[in-house]
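What follows is a set of notes on a single structure, which appears directly below.
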Amino acid sequence: MATLSDLVILLLGALLALGFYNKDRLLGSSSSSASTTSGSSAATANGSKPTYSNGNGNAFKGDPRDFVARMKDQKKRLAVFYGSQTGTAEEYATRIAKEAKSRFGVSSLVCDIEEYDFEKLDQVPEDCAIVFCMATYGEGEPTDNAVQFIEMISQDDPEFSEGSTLDGLKYVVFGLGNKTYEQYNVVGRQLDARLTALGATRVGERGEGDDDKSMEEDYLAWKDDMFAALATTLSFEEGASGETPDFVVTEVPNHPIEKVFQGELSSRALLGSKGVHDAKNPYASPVLACRELFTGGDRNCIHLEFDITGSGITYQTGDHVAVWPSNPDVEVERLLAVLGLTSPEKRRMIIQVVSLDPTLAKVPFPTPTTYDAVFRHYLDISAVASRQTLAVLAKYAPSEQAAEFLTRLGTDKQAYHTEVVGGHLRLAEVLQLAAGNDITVMPTAENTTVWNIPFDHVVSDVSRLQPRFYSISSSPKLHPNSIHVTAVILKYESQATDRHPARWVFGLGTNYLLNVKQAANNETTPMISDGQDDVPEHVSAPKYTLEGPRGSYKHDDQLFKVPIHVRRSTFRLPTSPKIPVIMIGPGTGVAPFRGFIQERIALARRSIAKNGPDALADWAPIYLFYGSRDEQDFLYAEEWPAYEAELQGKFKIHVAFSRSGPRKPDGSKIYVQDLLWDQKEVIQSAIVEKRASVYICGDGRNMSKDVEQKLAAMLAESKNGSAAVEGAAEVKSLKERSRLLMDVWS
């Protein structure tokens, strides 16, 4: 029987949804405009100060960058700020705020750190606290949205409203990083130390998540002690709030179809209006060319060229391009089947999603939209299922056995790691297995048990689908109207468990690009294999629906578009060609170096045209150390000799084939770090005497560390010291002076 509070919540949600649905008519909006739900508005049409709901029917009218005034007005006990590059820190910030609400009934602000000023950080009320979820990006840098805050807080005497100290401020820090990088979680650590130095008091221990292993497990191991410390410090009462939804989901079948988001990533994309193309408004770029780079074997590596003519997008050599993939068809079908939404009427049903508290949880995608679009374009349903989510969803299980299965995975860390992480099980797959369904067959309404999970839980518990980043492998000096990408296709075998056999796991972004390449070249990509005899049909290589929303990503028969935007990088060549350049990039780590060489080719052509055939005589050498398994994996093998010739011998490439190439005297394989050591006298001279710039790109778990060790050893020799002391100091000095730059990943 529903309680009075339950009825009030349902009534409030219905009124909010009804008000949002009718806001065009209430506000007299043009019928051609698109409405987007993504939290509160940052500006008003008439230029006046924006207003923010305080949750009590009143509105906050004030400086939108003054978070302290907003906390006081809206009675928020916590402000959770995130410094995020890819959306992960934002996700954990939201999770902290949600758990504070469910545990203690405490209301929070969840804030993008660049949208607020911090001069009043010293005025945070005594019964409140500030939480910082801070990701470390690249080689120890703050994320783009946190740069201004970190610069301000790092000043010798930062100016707050009443001085330069933060006495009385209570704070929490959760850092997000990757241990394959040398500067692991340095932003969170330095912020913690700086706040303490300014007189603030940390609540609980600093949390640190390692994306190389399990960010999720690190967070779960930290959060309970943190919340206990927070409750003690701020007198929070456990159990002060029951479970309340974050969103209201309403089906609105009669909504004008032209105002429904069917996969569009921004209002501009829906309306077809022009504007700046960035992370909030990606550009649907035509694919000019795509081809396979490997000449044999069972692996794929593809070269794609994105047309940016007339888009307003510019890039520099060394930048990254973000590709916004969709989810593969089989995973869309799987989750629709699990939730009982496979019928044409249901999957295309228009839904409006409204946040009950936009300061706590923003709707993670534009609405109104459809169930199909949510799963295909907006939520990351292809990710490994979260342990915390499994525990939450156990109460919606269709049977006692299914509930026990989910509860065990949600509470038993080892079982979760073995069965879910090791098996790379997505949320819908775990739900199928719990219900006794076969995950190796194509999911349908007939072979999949339905779970009656409220859709608002799905919106709350599944992360937003994020773009995948790739090093740009071209130079705008040679290719001003196109961006080149070099991507090896991710495919690996999962661990077998008692519930399912080992199977192939396909990377989301690279297999999306492989589908684009295959479709553009009229190659087939089966989603399921044909059943033969007694062997059931089973899911094979994933197939993606590439036409995009309203068919906008496909023109003619074989011209496809991919949504992209550019992210700036500090991975840059020295401006003078008289400075030696040393590049180490095995595999697809060679991608930005192809762009570097093209940059020098363009400069060489201009110099020769201006100063004659001897214009390159005083140029410094450019060394590239490249490695692959064997000759058939040698990327752009046909291009390097032409580059060497055009640069008149100034460019030299050294290549190692670890499997088919020569071996060391002891029989061990030769890698790029060994090639580097073979040239140590040349490298020592270039770095020590000629101030060379060194670049490393590729695997951050092993290769980059091995290369750094070789650099330390050879630089130590030049100083008559040891690699561990003098050599390490020299490598550190190179990094500090931006003469050793790295673009690595795990």
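Note that Cβ sites are derived from N, Cα and C of the backbone, with glycine treated the same way.
In TrEMBL this protein carries:
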- 1-19: signal peptide (SIGNAL)
- 31-61: region 'Disordered' (REGION)
- 31-48: compositional bias 'Low complexity' (COMPBIAS)
- 78-227: domain 'Flavodoxin-like' (DOMAIN)
- 84-89, 135-138, 176-185, D211: FMN binding site (BINDING)
- R468, F469, Y470, S471, T486, A487, V488, Y492, G507, L508, G509, T510, W745: FAD binding site (BINDING)
Lowest local Cβ density among Y184, Y470, which the record lists as binding-site residues, within 10 Å: Y184
W745 (FAD binding site) CB neighbourhood, other CB atoms within 10 A: 16
Binding-site residues compared (G87, G138, G509) - highest count of Cβ atoms within 10 Å: G509
The domain 'Flavodoxin-like' (78-227): DSSP-derived helix, strand, coil residue counts: 58 helix, 39 strand, 53 coil
Cα separation, R468 (FAD binding site) to G87 (FMN binding site) (Å, whole number): 12
Spatial neighbours, same chain, of R468 (FAD binding site) - Cβ under 8 Å, 6+ residues apart: A322, V323, P325, L508, G509, T510
Surrounding CB atoms that lie within 10 Å of the CB of S84 (FMN binding site), all protein chains: 24
Candidate with sparsest Cβ neighbourhood (10 Å radius) among A135, V488, the listed binding-site residues: V488
When distances run from the Cα of Y181 (FMN binding site) to each of the binding-site residues Y470, T486, G507, W745, the nearest one: W745
Listed binding-site residues S84, A135, N178, Y184, filtered to Cα within 10 Å of W745 (FAD binding site): N178
Candidates Y470, T486, G507 (binding-site residues) - the one closest to S84 (FMN binding site) by CA: Y470
Other CB atoms within 10 A, centred on Y181 (FMN binding site): 23
Spatial neighbour of Y184 (FMN binding site) that is closest, considering only the binding-site residues Y470, T486, G507 and their CA atoms: Y470
Closest of A135, G138, N178 to T486 (FAD binding site), Cα positions, binding-site residues only: G138
Sparsest-packed among the binding-site residues, when each Cβ's other Cβ atoms within 10 Å are tallied, from N178, T486, G507: G507
